[in-house]
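Database features (TrEMBL):
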type	residues	note
BINDING	29, 34, 82, 115, 142, 253, 311	NAD(+) binding site
BINDING	139, 140, 141, 142, 194, 247, 304	substrate binding site
ACT_SITE	250	active site, nucleophile
DOMAIN	297-384	domain 'UDP-glucose/GDP-mannose dehydrogenase C-terminal'
C-alpha cells in the first residue's frame, strides 16, 4: 500500500518510518534540505531511535513534488505545524494542503495528525465536499516519538471514512503494545481528546508548580510531600516534577486554542492554566533576583531536557524577566551558534560559563552541573520531565 506523509517533523518522520516496515512510504516536504537528507538515509532531527530506523529503511523516498507524493496514495497523512495566530491555531497550511491533494487524488483518505480546533475536520469535509478526511491524534513526547508510537497509551481514529477501520488496523499493526485501547470516534471528539488531554497535563504541571511555590514560601519539604501524594494512584507520579513552567510546541498553544473555544463558556479552570504558568515564571525570577548574584548564568534554554526545541521555553521567559530587571545575564546553550541571544552574551565554553556566573539557573539539571552544584539554582527535585 502506498502511504504519503506530508511534513518531515518528529510526528511525520516517526510514523512514516514505522509504516515503511509494511508499506511503501513517500515523504513530502517543501524543505529540499530535509528531502535530500531523507533520501540519503540521514535524519534532519535529533532523536536516536529515528536515526537508527532511518539508516535501515528500505521502502521510503522523499520528494518536494506534490504530483509524485499524492498520486496513487491510499492514505495521505498530514503532520504539519499549526502555530498560534491571534490566540488560536492557524490551520491555513492544512486547508491549502487538502486543496492541493484533491486536485491530484480524489480517492485517498486524508488523515490529519496535526493538532487542530474542535470541529475543524468536519469543516474541511463540508468545505471540500469530500468525506474521506479524518482526524487521528498523536500523543507523542519530545525525544521518544518512536517509543511512543510502538507503545501507545491509546490509538484513536476518526470514524467518518470508509477506510477508518483500515487505518486503525494499520496503526495497531505497527505497535508492539497490542493490548492498548483502539478507538473509532467522531473526528470532533478525537480533536477534543487531543486538546483536553494536553490541557489536563498542563494543568497538572501548573498545580505542582503552584504547590512548589507554596512549599518554598512556607519552608516545607516539597520533595517529601510530592512523593507522598504520588503514592495515591489517582494522582500518580507523572508531570509532578517542579519546573519553571510548561513550554514546548504543544501545551502552550493547545491551551490557548481551548481558551478560544471557551470564550463564551464559563471555564475558570481552563482559563487559569496559562495565568498560573505565567505567575510561576514571575515567582522564579523573583527568587533568583533575591540572591546576591551580580551575573546570572542561564544553563540551557531548551523547552525540555535533551530536546533541540526552544519554542515557548519557560527558561527563555525567565531570562527575559531577569534581563529586564537590569541584571547581567549570560547564557550557555550549545544549540545556538551566535554571539548573543535576547541581548545576552552566549558563552560557548562551559568552564568559562561557570567561572563568570555567580548563580547558574537551570530548569533541568544534568551531570555537567555536578561540579558546580553550589552555584546552581533549580526547582528540579526529581530530575525527570
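Sequential numbering from 1, following the chain as shown.
Every residue gets a Cβ built from N, Cα and C, even glycine.
The structure, with features from TrEMBL marked on it.
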residue : record                   : contacts (Cβ under 8 Å, 6+ apart)
34      : NAD(+) binding site      : 8, 44, 62
82      : NAD(+) binding site      : 89, 90, 91, 93, 94, 114, 115, 116, 253
140     : substrate binding site   : 10, 11, 14, 148, 149
194     : substrate binding site   : 115, 137, 138, 139, 254
247     : substrate binding site   : 303, 304, 311, 312, 313, 314, 315, 316, 317
250     : active site, nucleophile : 115, 198
**Asked** Which ones in the same chain are close to residue 29 (NAD(+) binding site), with CB under 8 Å and 6+ residues apart in sequence?
**Response** 6, 7, 8, 35, 62, 64
**the domain 'UDP-glucose/GDP-mannose dehydrogenase C-terminal' (297-384) - residue tally per DSSP class, helix then strand then coil** = 27 helix, 18 strand, 43 coil
**Request:** Would you identify the secondary structure of residue 253 (NAD(+) binding site) according to DSSP, in three states?
**Result:** helix
**For residue 142 (NAD(+) binding site): intrachain residues, at least 6 apart, with Cβ closer than 8 Å** = 10, 248, 249, 303, 304, 307, 309
**Prompt:** Which ones in the same chain are close to residue 141 (substrate binding site), with CB under 8 Å and 6+ residues apart in sequence?
**Reply:** 148
**Prompt:** Counting every protein chain present, what is the number of Cβ atoms, excluding its own, within 10 Å of the Cβ of residue 115 (NAD(+) binding site)?
**Reply:** 23
**Prompt:** Any idea what DSSP makes of residue 194 (substrate binding site), helix, strand or coil?
**Reply:** helix
